[in-house]
Structures are given as structure tokens and as C-alpha cells.
Amino acid sequence: MTTREYDYIICGAGSAGNVLATRLTEDPDVTVLLLEAGGPDYRFDFRTQMPAALAYPLQGRRYNWAYETDPEPHMDNRRMECGRGKGLGGSSLINGMCYIRGNALDYDNWSTHKGLENWTYLDCLPYFKKAETRDVGPNDYHGGNGPVSVTTSKPGVNPLFEAMVDAGVQAGYPRTDDLNGYQQEGFGPMDRTVTPKGRRASTARGYLDQAKVRPNLEIVTHALADRILFDGKRASGVTYLRGSERATAHARREVLVCSGAIASPQLLQRSGVGPGAWLKELDIPVVLDLPGVGQNLQDHLEMYIQYECKEPVSLYPALKWWNQPKIGLEWMLNGTGLGASNHFEAGGFIRTRDDDLWPNIQYHFLPVAINYNGSNAIEMHGFQAHVGSMRSPSRGRVKLRSRDPNDHPSILFNYMAEALDWREFRDAIRATREIMRQPALDRYRGRELNPGADCKSDKELDAFVRARAETAFHPSCSCKMGYDDMAVVDEEGRVHGLEGLRVVDASIMPIITTGNLNAPTIMIAEKIADKIRGRKALARVDVPYFVANGAMARNIAKAVRQPETV
């Protein structure tokens, strides 16, 4: 057994851990050990580096923990996929590369919780900007010199993108030129974490590439954190496994848990921090009975509403093996072409009811009919909308199964447990059909493939959701930030009741944000990094942002009405 000592030990080199490792080692006198259970982010592996290949990492276990849920009681008892990234970059190494920050009111809502007053949107915006380099340059809402490369959608990529945005506007919803700017609500182009050379912009590329040469940062891959060590109520180190070898590292200052919304509560529970009754079931000595560890688990569900495409403009030919070498060669040599995009270049956010305070439904538009993980491709030209609700009231949990760090925990999201879930999904399907009926899509829209035109009643729509809805891969909130009885960490990520221990990742969100989670997770880590370093928080940015204030969710007067038979 080997033993080393560092100022900070970070468990997990993902979207948050790499940010902390990079920012903390900007101070040359600070030493950091970064532990990652997966391997390197191999730059010659097209599966993780080519944006268009985003489905491939989810199909194996080299880069994916490939968790499964317990049977979900409201989803036909399906065991549902729960992919999480494994390797330098974490889930930013295998995600869909959609750069969505969330709605301003997400953060303003967080700030209404006791003790979280400094998490308003205007407090968070400087850290979004700090992390970002946007290809069209900085402005009041965007950064121009950060580690994360953000690419904007360019005109003429595929006519279906513009047609689907136009259809949303024709249906009476707003148009927005920037889903991360003044107004998230509406339809428009989608920003993506892709470099100017057409490569995935993971946090390993953006952050670790600048930090890994520093002598005060040690990165250890294939290192699975087993337990956090404690001296009384103070975290003092970590034991971890590299193959059959066990090692121990001691932390002079803090242990920083950045393992994600599944593995962070798992590591805490295995270390004796969590619901006391759960720990006693496995004979784990209780360091602190903290009931919220693993509770409050949230995610986004989504469906694929799919249509036949009457014109040969979809990505269907690119799915054929004989066309892929040319696509791959252009991407490899020039960083251009179909391989250089994740093809989520347009989308949007809407409110389905006028009394919704901010958008409750998200859209990703895709010019092909296929599942996110590459399965169930429709053998024809097609297109689809990924659509799902944003802030489900349903809550789940992550619970340890055993003391073995190699065993996956018991995961139950408890999807669709509340009546509001069902109402929002029915509303979403009907709103999507209304959008797809608009004149902008007349030349492209063929028959509805899924759910199918005959699926109309509430009962039929509910059956489709139970059988076909899937995760959007956004687990979060399982070690929530706050000060109520179920809160795990304070506003700086410090675990309540303990010293020298923080959690910094998507698990500390009190409520899931409106959209994809990679950008918010990076922001959270940037913000808390300043707290750890004892630096003054970046000044609030005083910019306006859209608030509906009871405005109509959809302008019916401007909508183009189309018969339902179209």
C-alpha cells in the first residue's frame, strides 16, 4: 500500500473535477491529486472526439459506467438506461455536446432557498462567461477567453433545422437568436461544445490540457475511489483501487467529491456518510447520519416524435457504413463536414400553459429518426423532435447495494410518479404535432412514425410515454445544496456536519435546471473554486433577462392554423 499527501484530493475528473483541478493548481504552492476511475481521453479515438459519433460511447463500457435503474414502477417496470461518463472528462467525454445553461429563473429560484441568496442568475452569469470561449466572440452574456469552446450554429447546415425553427414560430411560439442569452424561451439555433477544429470540447481538453503540465497536479487514471477517510468528523484522505493494488492519499486541506449524481452519494454512503438506517443494513460504521445523501434524485425524461421526410435531405445516408469512411476522413483531416457536428443545431424551450413561470418543455431537433444511443434507426429519410419536461416533481434516490466499490448502486428515479408529469408529456406531444403541422415543414413532412397518427387519446399517449420515453442523461440533485433537513451541502459545497469535505458536481443542485446539465455543472465548479481558493466572488453582471410575467405561452393570433389531418 502506498501513501502520499496533497493539499486537495479530487475524486472524479469530470465536468466539475477538472475545473477544480485546473483552478486550484493556478496557485503554484497548492498540490492536488486528481483521481479518475476511467482511463485517458484518447485523442485518436473517434468515438469520443468526433461530435457526430456521440452515440458510440454509450454502446460500450470503456467510457460509460452503463448504470441501469431498478424497475421503474410508472414506466412499465422497465430497467432504464443511466449512462455516465468514465474517463478524463467524465460525462463531458460522452455527452451530446449541447451547451445549454438553463433559464435565468432556475437560479433565481435557487436563491430563494435559505442560505443560497448568492446563487441568483446574475451571480452565476460571470462564471458561465469565465468558462466560455464562444466562436463568434464575447458579449454581455458570453465569454471570449475561457477553457470551454462553444460553437454556434451556422446557416445552411441542413434545411430541416431552419424549417423546424420556422415551424415553431408559425405555431405561435417566440423565436430567439440565443438560447443562452437574453431570452431562453422560444426556438432558435443551439450552441454546442465543439472546438473550431471540429473536436469534442470536453473538460479534459479545455481544462486539463492547460493544467496537466503543472508540477503541482498529479492525475491518476484507472483509480477507483473506495472510501473517504476521517479523523473524527474531519475528512483526512481517500483510499482508492488501481487494479488489485490499494493506495491511500492524505489531504492536508480538503477532499473534493466530484463523482457525479450517481457516484458521489455512493462514495459518501460507502464512507459512512448518509442515511444511518441504510448504512447499518450493510454494517458500514456511521460517521454522520445525513439523511439527504442519495435522496432528491432528479432527471429529464424525453420522447422522440418522429416523421418520415419526403425529400432526401436527412442524415439517413450518413448512417450507412459505405458513406462513413468519407465522412470520417474529412473530419480527421479538415475538422469539417458531417462528422464535425453533433447535429443538435436547433431546438427550443416553451411553456405549455400561460401560468408556467418559465419554460417547462425542451426541444432538440434532429434531421434523422434514431434513438440517442444509436439504436432503432428508422430505415428511411426522417426527422424528429426530442421533447421532454424540465422540472418534474417526481423524486428518486441512489442507495448503496454493497460495500464493494465495483458494484453499481440501486438507482430509482421514480419517473412519472406525479399527475403533473403526465399532463406535461401529453401537452408536449400535442404541442409538437401542432408545430410539425406548420407550412414551414410541408415540403418535408411525411407520415408520423412515432407515436403514430392513431395515438390520440390521453390513455394512448400515456401508454406511449410509459413504453418509449427515455432518459436525457441528466441525473442530478442527489446531494442537494441548502439548509433544510434533507440538504447535504451548504452554499459552498461543504458537507453539513463535517470538516474538510465538499461535494462539487450536478448532485448539489437543489432543483434540476431547464436544459442540459454540462454547462451548469462547469459553472458550479468555477464558482465554488473561487470559494475554495479564498478569492472574492466575481462581481454580478447587471444585464436584463426575459421574464414572462404572465404573458401568453403561445400567440394564438399569429399562429398558422393547420388541419389535424395534415
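Yeah, the Cβs are placed from backbone N, Cα and C, and that goes for glycine too.
Some features that Swiss-Prot has for this protein:
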- His474: active site, proton acceptor (ACT_SITE)
- 7-36: FAD binding site (BINDING)
- 180-202: region 'Disordered' (REGION)
Near Leu35 (FAD binding site), how many other Cβ atoms are within 10 Å of its Cβ?
25
Between the Cα atoms of the residue listed as 'active site, proton acceptor' and Leu35 (FAD binding site), what distance do you get, rounded to the nearest Å?
23
What count of other C-beta atoms do you get within 10 angstroms of the C-beta of Cys11 (FAD binding site), across all chains shown?
27
If you count CB neighbours within 10 Å, which one among the binding-site residues Asp7, Asp27 has the smallest count?
Asp27
The region 'Disordered' (180-202) - residue tally per DSSP class, helix then strand then coil:
0 helix, 7 strand, 16 coil
Chain-internal residues, separated by at least six, CB under 8 A from Ser15 (FAD binding site):
Gly89, Gly90, Ser91, Ser92, Thr203, Asp505, Ala506, Asn518, Thr521, Ile522, Ala525
Sorted by position, what residues of the same chain at least six away from Thr31 (FAD binding site) have a C-beta under 8 A from it?
Tyr6, Asp7, Tyr8, Asn216, Leu217, Glu218
